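Here's what TrEMBL has on this protein:
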type	residues	note
DOMAIN	26-478	domain 'Major facilitator superfamily (MFS) profile'
TRANSMEM	19-39	transmembrane segment
TRANSMEM	87-104	transmembrane segment
TRANSMEM	111-130	transmembrane segment
TRANSMEM	136-158	transmembrane segment
TRANSMEM	170-193	transmembrane segment
TRANSMEM	199-222	transmembrane segment
TRANSMEM	284-308	transmembrane segment
TRANSMEM	320-342	transmembrane segment
TRANSMEM	349-373	transmembrane segment
TRANSMEM	385-406	transmembrane segment
TRANSMEM	427-447	transmembrane segment
TRANSMEM	453-474	transmembrane segment
Ligand code: BGC
């Protein structure tokens, strides 16, 4: 019986190609597309703890917070309008990633990135100058549109550009930018919150224009991927580009396989409907479950609400923001570890190790908070060592996420879909991710208020389920060329029943040498 998650027999293909300076620079620039997403994640939580911001836009929350000072700490921030502010963006991102699917497929990955940058810029501008709640919400919807486009196109771009042996590391550049964006936003919040006159929040929100400009300019100078060029009929240019990217002349085999994948892709008129075919069942399952599980790790409870959470467990406003900076640094550092390890140790190892680590930390944090806050949420005086222990375990949890589900939640979907469904399936990935980011953001404060410390156990339960899922159902994808990925399903103990030999004549998705009318170009 094929192994649970091992690599199958493979096609034995080893395309020549180096980690050229050209591909490195290209991928670094493209990965910066993650900055806009990260900046936003990091900025919104901090801004919503800034008193002048709350007083101006969400007065009732501020009043309640003031009045509640010594009462139930679990419920002080529970407000639907406030969470709507944070989470409106994710609904917009969900919708736009669906539109982005067509743009990415028909017009190329670059153009989607450009739209992403421009929309995000417009949103940041409106937010920086906001005078009323509706301006905040409109701004956030535009930011969301931007993120939908960027998250749909950037991971695909990176996975297509990278030589397959370095695909993991280069793709995780996207997640690294997300974490750097979060950290920069946390640090800025920390300083802007101190500005006398209380308008620092305008700088925090308006500052999003900077990462928006980076991706906008980046998308103008980046080349399109050969896969996408072939898909759009620019065959000769694509071959020249592939030689340049790989730094070798001998790209014939890889090029033939790309062209074959593209021919298959052209036969498909309705990529969405196509996704429902039986042979794409593994892909569809992953496109839905990977982002779902990523969000059900509970990471965004920490990312959005770290300052709120830390002030809930008794930190003063300033040290609450500071603790968010600490978790931000851990997040970046641990992402670098995954860049180092992903193409060496593989995706499954990171997923499983990270899962165990998160599970332990969630149990400890639940126990700590439960012990002190009990169920009435009134802790009395908290000793300093206690706060340190909670922050420490939250940091170890963040590290676990940052070298597993964080980067892999974007990497794995971007590398497992065959070209003909790649763009549509990636949209599903982004949409599901945004839907559950929205859900967690929207219900977290209410859940904290009702489930109390049990909230951490709720997420721990899902971490357990997702780790079991990975163990049994997620095949290893390291070191397999992207257009050859079909083999991993074919040699999988469970998924092999959905994909038949006919679907992947050479073990991969290509049909060139399998004889479906594809000419060597
Ligand atoms: C997730 C975000 C999360 C971030 C934290 C990303 O991979 O999609 O929801 O906030 O990681 O670093």
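Placed from the backbone N, Cα and C atoms, the Cβ positions cover glycine too.
Since the structure is predicted, the reported quantities are computational estimates derived from the model, not experimental observations.
Contact check: the transmembrane segment (385-406) against the transmembrane segment (170-193) gives at least three Cβ pairs closer than 8 Å, residues 6 or more apart, which meets the contact criterion. In this chain, the transmembrane segment (349-373) lies out of contact with the transmembrane segment (199-222); the count of Cβ pairs under 8 Å, excluding pairs fewer than 6 apart in sequence, is fewer than 3. For the transmembrane segment (136-158), the partner stretch with the most Cβ pairs below 8 Å, chosen from 19-39, 111-130, 284-308, 427-447, is 111-130. Stretch with the largest number of CB pairs closer than 8 A to the transmembrane segment (320-342), among 170-193, 427-447, 453-474: 170-193. Beyond the ends of the transmembrane segment (170-193), by six or more residues, the same chain brings 23-24, 27-28, 30-43, 46-47, 49-50, 154-155, 158-159, 161-162, 200-201, 203-204, 207, 211, 303, 306-307, 317-318, 321-322, 324-325, 328-329, 331-332, 335-336, 338-339, 342, 402, 406-407, 410-411, 414-415 to within a C-beta distance below 8 angstroms of the stretch. Segment contact holds for the transmembrane segment (453-474) and the transmembrane segment (349-373), given three or more CB pairs below 8 angstroms at sequence separation of 6 or more. Within the chain, the transmembrane segment (427-447) has long-range Cβ neighbours (under 8 A, six or more residues past its boundaries) at 77-79, 82-84, 86-87, 90-91, 93-94, 97-98, 100-101, 144, 147-148, 151-152, 275, 284, 287-288, 290-292, 294-296, 298, 300-301, 304-305, 308, 409, 413-414, 455, 458. Sequence-distant contacts of the transmembrane segment (19-39) (same chain, six or more residues past either end, CB-CB distance under 8 Å): 113, 116-117, 120, 143, 146-147, 150-151, 153-154, 157-158, 161-163, 166, 170, 173-185, 207-208, 211-212, 214-215, 218-219, 221-223, 244-247.
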